[in-house]
Amino acid sequence: MDFYQEYITTIHDFCIDKEQLVKRIEGLKVSRPASLIIPILYKEVENPPLKKIITDLNECTYLSQVVIALAAETTEQYVHVVEYFKDLKLPHIVVWCDGPRIKQIIFDMKKKGIDLTSFKGKGKDVWIATGIATLESYAIAYHDADIVTYSVDLPAKLLYPIVETELNFFFNKGYYARINLDSMTMHGRVFRLFVRPLLDTLQSESNADILRYFLAFRYTLAGEFAMTSDLAMNIRIPADWGLEVGLLAEVYRNATTKKICQIDLGYYDHKHQELGVNRSEGLCKMVSDIFTTFMRVVTESTDNRISESYLHGIHVRYKRLGQDLIRRYHADALCNGLYYNRHEEEIYVDMFARVIRKAGDDYRHDPSDVLMPDWTRALSAVPDLREKLYEACIADVKEYCEKK
């Protein structure tokens, strides 16, 4: 436990009164309504964490709406998810992001000069759900559907700094300890062994303010965050695994750091991914996308040129810092009685280092981005786009789910 303040405001959980947080958000429900967006893959419906999340959300009566951004391939899958979420008693809507109606809307946008047809995945789904949520929300919280350690106060912690009139933050990101107390293991390898040493490496090459900003976040890759609808309308959302990093870069460009904060969410665990044997799968795919996003940040925000020699230096320094961190985490784990496999951690650092070289070379040859357009631009082309998406969701329910 500490009370250190980073470059951005850090809200610690010394003794947060969760009941008071909920009461205050409830009191602001009319003037500052809050929504929650949950991106979900169809296969996650069968995972135990989602059932508990729904049970806990039923106690979050301060939420005006829950928007489920669903990736499903068939009508049967869509109907199954709609039926599954009937246990959620809060006002909610299931957005079938791959459904024929929304696909047609996306295709029609191409005629207006906004081509989203090549985008797919979580980023696109979050973008669609954000448009719908901003119709009636002052603030929007986001979190995934696989949180094992979910609790009723998680959305409240994310939303309170945004809706509280004495604070008025524009953006709030969660941070936590990725520790499983049942198995006594330390997780979060992509952040611990890749993102943090990479940021330290990049900062040593260029003392840019945006890198200082990134280093201030205690868990850069946290998928739990909240923001005002106004900010959500003005940021470009990345469409790949660089979502969390790219989003932070967009927030930096659109909001003063005085209005950005992070909050302690305690212990956290979720479904884990395998390392993968190449850059197209598992954690290696994630690391590749994240590294590419950071290279784009360096290109846009510093004087550094992404050359072969620059990438070689990054590769060497990253690997050294990663190996140094393994020794530190081993000491931390040993003192806390946590299981820690140093050999396995070394394997991860070696693999991540190889990804840096390959992803860096790819970026040099093709530095194009994978950012969705911001909603402000989309509405300038199609003013009623949000309403069209909402109406498509309602029509999907009527056609596929209501008994004839």
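From the backbone N, Cα and C atoms, a Cβ is placed for every residue, glycine too.
Per Swiss-Prot, these features apply:
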BINDING   Asp146, His270  divalent metal cation binding site
BINDING   Gly188, Arg189, Val190  (2R)-3-phosphoglycerate binding site
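A map of Swiss-Prot features onto the structure.
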residue : record                               : DSSP (3 states)
Asp146  : divalent metal cation binding site   : coil
Gly188  : (2R)-3-phosphoglycerate binding site : coil
His270  : divalent metal cation binding site   : strand
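A distance of 10 Å separates the Cα atom of His270 (divalent metal cation binding site) from that of Gly188 ((2R)-3-phosphoglycerate binding site).
Here the Cβ of Val190 ((2R)-3-phosphoglycerate binding site) has 22 other Cβ atoms within 10 Å, regardless of which shown protein chain they belong to. For Gly188 ((2R)-3-phosphoglycerate binding site), the same-chain residues 6+ apart in sequence whose C-beta sits under 8 angstroms from its C-beta are Arg178, Tyr219, Leu221. Arg189 ((2R)-3-phosphoglycerate binding site) sits 17 Å from Asp146 (divalent metal cation binding site), taking the C-alpha atoms as the reference points. A separation of roughly 17 Å, to the nearest angstrom, links the Cα atoms of Val190 ((2R)-3-phosphoglycerate binding site) and Asp146 (divalent metal cation binding site). Excluding Gly188, Arg189, Val190 themselves, the residues of that chain whose CB lies within 8 A of the CB mean position for the (2R)-3-phosphoglycerate site are, in sequence, Arg178, His187, Phe191, Arg192, Leu193, Phe194, Val195, Leu221, Leu283, Tyr348.
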